[in-house]
Amino acid sequence: MTGRGKGGKGLGKGGAKRHRKVLRDNIQGITKPAIRRLARRGGVKRISGLIYEETRGVLKVFLENVIRDAVTYTEHAKRKTVTAMDVVYALKRQGRTLYGFGG
């Protein structure tokens, strides 16, 4: 068992999956404890209950912007795979330079 499901190894070989996971609002996957850990890393001691939904909203907007720029770089290079460098350039374009991922 390779853990790849029913798709096989190659690209584009996957047939119809029997139990397709329904994509709900995935932003709820950013759990309350995860947000709490991020806040602790930033030095926060107490957290209001209203913070969690607000944080999810801000994170969603931020990721949408970064991913949109990264996909734009990918499409311009006529590729179908978003690379780490696409994300690095997208972050740099938004004024958030990230070191340690090449380039």
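Glycine is treated like the rest: Cβ placed from N, Cα and C.
Looking at the stretches 17-21, 72-76, the one that Swiss-Prot records under the feature DNA-binding region is 17-21.
Swiss-Prot gives the label N6-succinyllysine to one of LYS45, LYS78, namely LYS78.
Per Swiss-Prot, the residue from the list LYS13, LYS60 bearing the note N6-acetyllysine is LYS13. According to Swiss-Prot, of the candidate residues THR31, THR81, the site noted as phosphothreonine is THR81. For LYS80 (N6-succinyllysine), the number of other Cβ atoms no farther than 10 Å from its own Cβ, over all displayed protein chains, is 8. Of all Cβ atoms in the shown protein chains, 6 besides its own fall within 10 Å of the Cβ of LYS78 (N6-succinyllysine).
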